[in-house]
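Annotated in TrEMBL:
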type	residues	note
TRANSMEM	88-107	transmembrane segment
TRANSMEM	113-139	transmembrane segment
TRANSMEM	220-249	transmembrane segment
TRANSMEM	269-292	transmembrane segment
TRANSMEM	304-326	transmembrane segment
DOMAIN	403-522	domain 'Cyclic nucleotide-binding'
DOMAIN	585-651	domain 'KHA'
Amino acid sequence: MSATTSEARSPLPLLFRGGRASTAPLGTTEERSPLSLLFRRRSSKDVKNITSVSSSLLPAFGTVVDKNPSSKPFIVLPYDRRYRLWELYLVILVGYSAWASIFELAFEKAADGAFLTIDLVVDFFFAVDIVLTFFVAYLDTSTYLIVDDYNLIARRYLKSLAFVMDVVSTLPIQFIYKTVTGNSGRGQAFGFLNLLRLWRLRRVAELFKRLEKDTLFNYFVIRVIKLLCVTIFWVHIGGCILFWIAYHYPSPVDTWIGSQVEDFKDRSIWLGYTYSMYWSIVTLTTVGYGDLHAVNTREKTFNMFYMLFNIGLTAYIIGNMTNLVVHGALRTFTMRSAFNHILRYTSKNKLPDMMRDQMLAHMQLKFKTAELKQEEVLQDLPKAIRSSINEHLFRSVIENAYLFKGLPDGLIVQLVSNIKAEYFPPKMEMILQNEIPTDFYILVSGGVEIIRSKGASEQVLAKLGPGDMAGEIGVVFNIPQPFTVRTRRLSQVIRIGHHRFKEMVQSDIEDSKMIITNFMTYLKDLNDDLKKEIPFLRDLLANEDAQGTVHKEEAPQSNNDEIVMVPGDENEKKEEHKREGAPIRVIIHGHPPNQDNNNNGRLVMLPDSIQLLFDLAEKKLGRRGSTIVMADGAHVEQLDALRENDNLYIF
């Protein structure tokens, strides 16, 4: 204990024990490890298109990805914004071709004229898409890498079913027949061939699948639009099939449409389409007004299958809508269930009404602030992103807290990275008196009360507001919390753990000195009521003042000099006593350990020798002793065996 050293002692012996870390200061030109280049943070400006992140084009682990996978000319990436717009335009054309292919089958007269011209224009765009597909890179499902080789793209597309179906559904067969033969080409065969265009509906399914995962669109709205499109398309199919059955029945009058409009074949196609859609919608909704019934065997057969399919479609729609509605109310259901559990628990264990109200208030606040709590929102994000967010939100709060004023940026960043934001409802205990100090808090908003509990009575000693700290006295002194801290209103706080805080600051003695200086300055400004409740605080402040006076009288010392212990007798020779590590604080008592004199003892700095300890005890306790024992009766012969916060009995 009497060995000397050139390193400075840490001014926080209870909290910041440990050696100095061998880290180079900021701004030095020390050679960096090549590994640091692998973890360079990527700027947000480098991500020019969010679709490149959300397109599911992820390489396998250990695979090296080129920076520019589309460096070859005329190659189109599947997640390119312009190609996505082209796909969206094609989806609009798919909607028309799906509607028109079934409509032209049922209403043959509509296959000529304007519909034929529009079909040719639509087929032209899909023919262009076939050519474009030979230049669109694709995702290799085995390696999850983009393949941009012309030959591989062409070979893959030509061997797939998609190429055959794309070509067959795009060929204008009716127009080719009319051009070659000169006939109009009207007939059921061409109508059934036009049904091949329904192959294009796969584009619509892919679009909805992508939109449901896109955060720019509301999931509920997208699902409702999808269900609405499915319902309308099925109603359209049912109405067109009913009209097709009636149109080709040998006796048109013996059909449902014929019973309503006898000459429906010679009337406008839109009149027939209106009647067909009316029948389909009323049958789908199973309302019925007594005017809808199958007249012939064909209609009865179709009605049976149509209504059976309607059962499945209705179940699909109701199931999806129920899922969407229940998902929106799930949080409310969970909250009410949690409340019921709390009420049953408090009733079974006969807890006081105050505890029950606190539990309910905490649970209600938890659900109200679920979207704002740092843990729930940031738990799936990388630590670098979480640290950046915390720094943006709370750095100014940390810097303005009295304990951290003047600290370097490096330590501030470490502190911000290890904080947790929390909310406390009004009248909620944040810290209980005499509990083990595990955390301390900085108030961001709201207010708290510092309360001293004496039996059943409570005394409010102080009130704290935004920017103030609570619980740090117990953490720094490493003693049970001396006060109860209770919120006065809804309060937002940031919590810092005791052990993480100690690990961060113990590596640099200069930071420890600055923290303890700020802390001692704060303690000196406390009101008398607070000082009275901490037994050793007055003696500690007196020691600090005495040491400050001695240092002023002595010559200035270098930064590597140790703290000078003041001898008890002013006539003794003043010399510096140095020892390795941080100074140790002990609690001394002036009676044997088996006697209780209602004396809490005196917290002192452990001197370098037993003789000096006797001198210090005589000064503090008023009488000189000759024996030093521990609480268990063991005699102290060497000071090296003592630890922090040991109780020494000198008599």
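Glycine is treated like the rest: Cβ placed from N, Cα and C.
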Distant-in-sequence neighbours of the transmembrane segment (304-326), which means Cβ under 8 A and at least six residues beyond its ends:
220, 223-224, 227, 230-231, 234, 238, 241, 283-284, 286
Intrachain residues whose Cβ lies under 8 Å of the transmembrane segment (220-249), provided they are six or more past its termini:
98-99, 102-103, 105-108, 188, 204, 208, 211-212, 255-258, 264-265, 272-273, 275-277, 279-281, 283-284, 296, 298-299, 302, 306, 309, 313, 316-317, 320-321, 324, 328
Looking only at residues six or more beyond either end of the transmembrane segment (88-107), which have a C-beta under 8 A from one in the stretch?
115, 118-119, 122, 125-126, 129, 188, 191-192, 194-198, 200-201, 203-204, 207, 233, 236-237, 240-241, 243-244, 247, 269, 272-273, 276
Local confidence of the domain 'KHA' (585-651) - pLDDT mean:
80
Counts by DSSP class (helix H/G/I, strand E/B, coil) across the domain 'KHA' (585-651):
15 helix, 16 strand, 36 coil
